[in-house]
Amino acid sequence: MYTFSNRLKIASFILMAVGVLGIGIGFMAAPSTVEEAKAIVASHDDGHGDAHAVAKGHGEEQAHGDAHDASHDEHLLHQLQNKPWAALYVAAFFFMMIALGVLAFYAIQRAAQAGWSPLLFRVMEGITAYLVPGGIIVFVILALSVAHMNHLFVWMDPEVVAHDHLLQGKSGYLNPVFFLIRAAIFLGGWILYREYSRKLSIAQDESNDDSNFKLNFRISAAFLVFYLISESIMSWDWIMSVDPHWFSTLFGWYIFASMFVSGITVIAMVTIYLKSRGYLKDVNDSHIHDLAKFMFGISIFWTYLWFSQFMLIWYSNIPEEVTYYVTRIADFNLPFFGMIAMNFVFPLLLLMNSDFKRVNWFVVMAGVVILAGHYLDIFNAIMPATVGDQWYIGIPEIGSILFFAGLFIFVVFTALTKAPLQPKRNPFIEESKHFHY
Amino acid sequence: MASKVIHAFYNDDDVLMHAVKKVKAAKHHIEEVYCPFPVHGLDKAMGLAPTRIAITSFLYGCVGLSVAILMMNFIMIEDWPQDIGGKPSFSYLENMPAFVPIMFELTVFFAAHLMVITFYLRSRLWPFKEAENPDVRTTDDHFLMEIAIHGNEEELKDLLSDTGAVEINITEK
């Protein structure tokens with residue numbers, strides 16, 4: 001049995017406390033009036049303000065200019081008010097997506113009857129425990145958006161929809177009630193599978209036949225079907241709909257690749273941590289090697305999808321699609337291209353060598369970069385539509401990351417103490433113990 | 001100079017593996033082992049050095065990537081930067097997404113083909129090469145271990161018959 005070390009527990013509480021502080025500061029600093037918003041921007045960026053003063057000088061366009069400036073200021077206010085919300089949402093989604101990615105990986109390992117991974121099942125089950133609180137937090141944020149507490153999703157604003165024919169055309173799908181019902185069904189399905197599969201997995205330890213294992217195999221295969229559909233729709237709902245004028249067909253797989261590689265990375269990191277603490281005695285370098293191979297391969301898969309989406313839109317350059325990338329390249333240049341280096345070039349060169357994949361600290365370092373890269377990935381997906389050029393990785397963003405990191409560590413390692421770290425009666429456990437590559 | 005070699009035949013890969021370990025423990029140099037199929041772990045048991053073919057492949061891939069970049073930079077950007085359907089041909093970077101499929105394919109092409117050719121060269125394989133098979137049965141169902149004799153014929157014979165060899169021959173080479 002694993003015991004949650006006190007130092008790690010205290011560290012997770014500190015992370016949560018500092019995170020709450022950062023989130024609080026973010027909400028306090030958000031402006032509530034147009035004047036405050038203008039003052040914030042002016043104090044941050046004098047050059048921008050000067051340019052505006054000059055532009056206003058055109059006499060004949062004065063009347064039009066004022067009206068335009070007023071709507072521009074309103075827009076600016078909404079962007080600044082969105083900042084702490086978007087920071088919270090990106091971090092909440094990022095950590096939930098890690099747990100969901102692990103759940104998908106776990107279901108695949110069960111459905112594929114993999115011989116190497118049963119030793120890691122309890123680690124994966126521990127990580128997916130975060131799906132319950134993490135998923136509920138994401139759902140609450142979505143519900144608050146529906147309740148007009150923020151402007152993360154413009155299509156939820158009836159004022160906006162009233163003046164937007166495109167959104168009216170999509171309102172059959174993008175309407176708040178249906179949106180929340182879908183979210184509830186998806187989260188309910190994922191959590192149901194997670195809890196039931198965990199129950200069967202633990203029951204298998206004490207049973208005297210393989211019926212639990214076989215049932216788990218069957219529900220895992222069924223879950224994967226549900227997961228593929230729900231994950232795709234989830235990515236349209238929760239990520240793509242912040243840009244409701246834009247659409248892309250491979251977006252669901254793209255988000256899937258991001259969550260899958262983050263999830264596998266976290267499995268590797270938690271496994272290495274537990275092993276370094278003297279638990280998981282039967283896990284050897286070959287298990288780490290296999291996880292690192294998955295990190296390497298799925299990083300490249302993510303890049304393939306990222307590039308396929310980018311290149312098709314860049315090549316054809318159709319105005320209604322390409323604005324998505326125009327704003328990202330103009331306003332998010334460094335995070336947008338920086339994440340390609342972090343999510344592709346870095347893992348490609350570091351994890352190509354077979355020997356490096358067995359060096360634990362090497363895998364952890366590569367994992368840290370991959371996780372930071374995929375945080376940036378979600379950041380780049382949400383921020384341009386919600387805060388636009390007012391983005392900054394400051395106190396609200398880092399505070400949100402720290403809070404959810406602390407919560408994640410606390411939930412995951414608490415769940416790990418609930419059951420023995422090594423499954424007892426899994427039919428593949430002997431093969432897994434002797435796995436070597 | 002005529003030298004003699006001893007050929008020990010086995011009909012099971014597990015027996016062969018044990019024999020290899022035993023012969024290595026007795027400090028005899030194994031010239032060669034002939035198998036009908038890859039025996040997992042045999043290279044480790046014989047103490048063969050790991051292959052470096054993956055490293056050559058990586059380097060060939062780098063060559064392929066360079067060829068692709070230099071070629072398209074010259075053709076599309078430097079030599080005749082035409083406006084083809086509005087694509088920006090002012091610099092390589094500006095038009096790069098369009099070149100990536102070729103960069104990728106040439107990297108894979110060079111890495112794969114040059115590695116295969118390297119493999120053929122290093123293992124001395126070519127279409128009209130004469131087969132170096134000491135006994136036809138080793139391609140079907142027998143394993144053969146070849147050890148050079150340096151005046152220790154009887155000692156080697158005893159050792160090999162202990163290891164479960166089904167047949168031991170001594171031949172001039």
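These residue numbers are counts, starting from 1, taken along the chain as shown.
Glycine is no exception: its Cβ is also placed from the backbone N, Cα and C atoms.
Values in this document were obtained by computation on a predicted structure and should not be read as measured data.
Taken from TrEMBL, the feature transmembrane segment applies to A:12-30, A:86-108, A:129-153, A:173-193, A:221-239, A:251-274, A:294-314, A:334-352, A:359-379, A:391-416.
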Counting only residues 6 or more past its boundaries, what in the same chain has a CB within less than 8 Å of a CB in the transmembrane segment (A:173-193)? 100, 103, 107, 131-132, 135-136, 138-139, 142-143, 146, 155-156, 167, 219-220, 223, 226-227, 230-231, 233-234, 237-238, 241, 244
Stretch with greatest number of CB pairs under 8 Å, the transmembrane segment (A:86-108) reference, A:129-153, A:251-274, A:294-314, A:391-416 candidates: A:251-274
Please figure out which one of A:12-30, A:221-239, A:334-352, A:359-379 racks up the most CB pairs under 8 Å against the transmembrane segment (A:391-416). A:12-30
Which stretch from A:12-30, A:129-153, A:221-239, A:334-352, A:359-379 shares the most C-beta pairs under 8 Å with the transmembrane segment (A:251-274)? A:359-379
